[in-house]
Each structure stands twice: as C-alpha cells, then as structure tokens.
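Lifted from Swiss-Prot, the feature list:
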ACT_SITE  12  active site
ACT_SITE  137  active site
BINDING   95, 96, 97, 98, 99, 100, 101, 102, 103, 104, 105  ATP binding site
C-alpha cells in the first residue's frame, strides 16, 4: 500500500450512564451504553517502508510524543516489531473535550487501520488490550460494536439499541471529568439493573445534574432548547444530545440551535463505520 486511504474515526454517545458504587480504591462502578455515530473525524494513512511515523498535521502546543495518534502508531509498531512506517493525517470535526470520544476514536482508528495495512495480524481483542493503555474508551472503538459496559467500564457486552437520529451540541465550556466524579452531590448508589430492563426504560445520566448545577453554559442551552426537544448529557459532557425517529425531525430542531454553538446531526450505528468500511468482525482480515 503506497496510496493514501481515508478511514472514519467515529463519534460515540453514552446513551445512559448510571453510577452504582464508589470502590475503596476511589474508582466508580457504572452502567453505561455506548453507541457509535455516522459522524466523526477522518484519519488518513499512507503506509511506507521507512519505519518512521510522521504526523501530517500535529496539534499546536502538543508534543508529538503526547499525541494519541502518534502514541497509538508507535505502540503498535513497537509491540509487533513492525519495520514499516506511515504518514498519518487527521481531519478534525469532533470537538475537543466534548465527551464524544474524539481522541480515543482517533487512537483506535490508527491501531485498527495500521494493523490492517501493516498486516501485523493482531486480533481486535489483542488490539483492544493494547489500546487500553492509551485510554479507557479506546477498547470500545477498537472492538467496534455498540456495547453495554459495567464495572469501571471494562466489562463489555455487545448490544443492539435502536439506531435513532441525534442532534449533538457542544456548549461553549470545558468540563473536568475528575471534578464531576469528585463532587459530593454526585449519585453513587443507583441500583444495578439488568440490560433487558435498562433497554425498556427511559434513559438518564447520573452526572447530568452535577454538571448542570456547576456549568451554566450546559444548563442554559438545555433550558433554551427544551421547547423543541429534551436534551441530555453524554458522559460527563460537555456535549448534549437529543434523540429523534427521523432525520427530518432532527433537522427541524437543529435549525433552532444558537448560532454560536457547534453541533451536528448524526445517525446511531451499532457497528462502527470503521469496521463496516474494513469489513471487520471479530478479527482483522
């Protein structure tokens, strides 16, 4: 492969998030449902024989060694003793710090894409284990299926939630995930429920009230749009989303978003667009 190939690096949503326990080691146990979207960044890969990893558009102010895209490529290269190199570019559409998985998705697309085109032969499960060192959400994107997660997020079960249309908006604020989980008012004892029960109930997010109480940008945007749709938080934010049965309904509400707010319309995907493109199931071809 010498030509450049463009791979999708999709967004994700946490369709619900419940915190069921705070462990003695400080970690929170949760129940959450991840689903991919047909919207995201693009990663370009151009494989070569140089052995060098070259970033075509580095993030200003971020050292190469701290860039998740570069780290993912080097991790796979070192783990497999691969002698090949690559030029890697990214077209960013997802907001930084939005809670829609941009950085984790980028890292996963690089791992899966380079494993495929370098022909390093790791299974998706091996890649997921490798990717965990880059971030807790990276394995979700590597495995490539919508998933119900429990524990501290490490127990994953493939899931088939409805593939709805969504309006996703990014309030003009950055939210500290650590601060949210340290907040004394955060619910930490929501009763555990079975997946089948959760799928039949209305979904909420235990982090939402804390975030809305502390970040007026989130509270005001949700309140302003309430006359059109009910928006809720994904993860710890800052992005909020509303669910619709049709693209037309989503577009109608999207038209009412404030002009200074970034947002997009997307459809839920239970199989990652990346895995659809590369025709991946349980192991790379």
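The count begins at 1 with the first shown residue.
Note that Cβ sites are derived from N, Cα and C of the backbone, with glycine treated the same way.
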Using Cα-Cα distances with a 10 Å cut-off, which of the binding-site residues 95, 97, 101, 105 are near residue 137 (active site)?
-> 101, 105
Would you mind reading off the Cα separation of residue 101 (ATP binding site) from residue 12 (active site), to the nearest angstrom?
-> 6
Report, as a single number, how many Cβ atoms besides its own are within 10 Å of the Cβ of residue 99 (ATP binding site).
-> 26
Ordered by sequence, the long-range same-chain Cβ contacts of residue 95 (ATP binding site) under 8 Å (at least 6 apart) are 102, 170, 238, 239, 262
Candidate with the highest Cβ count within 10 Å, taken from the recorded positions 12, 97, 101, 103 | 101
Just how many other Cβ atoms lie inside 10 Å of the Cβ on residue 137 (active site)?
-> 23
Cα separation, residue 12 (active site) to residue 105 (ATP binding site) (Å, whole number) | 8
In Å, rounded, how far does the Cα of residue 97 (ATP binding site) sit from the Cα of residue 12 (active site)?
-> 13
In whole Å, how far is residue 12 (active site) from residue 99 (ATP binding site) when you measure between their Cα atoms?
-> 8
Specify the secondary structure state of residue 12 (active site) as given by DSSP, simplified to three classes.
-> strand
In Å, rounded, how far does the Cα of residue 12 (active site) sit from the Cα of residue 103 (ATP binding site)?
-> 11
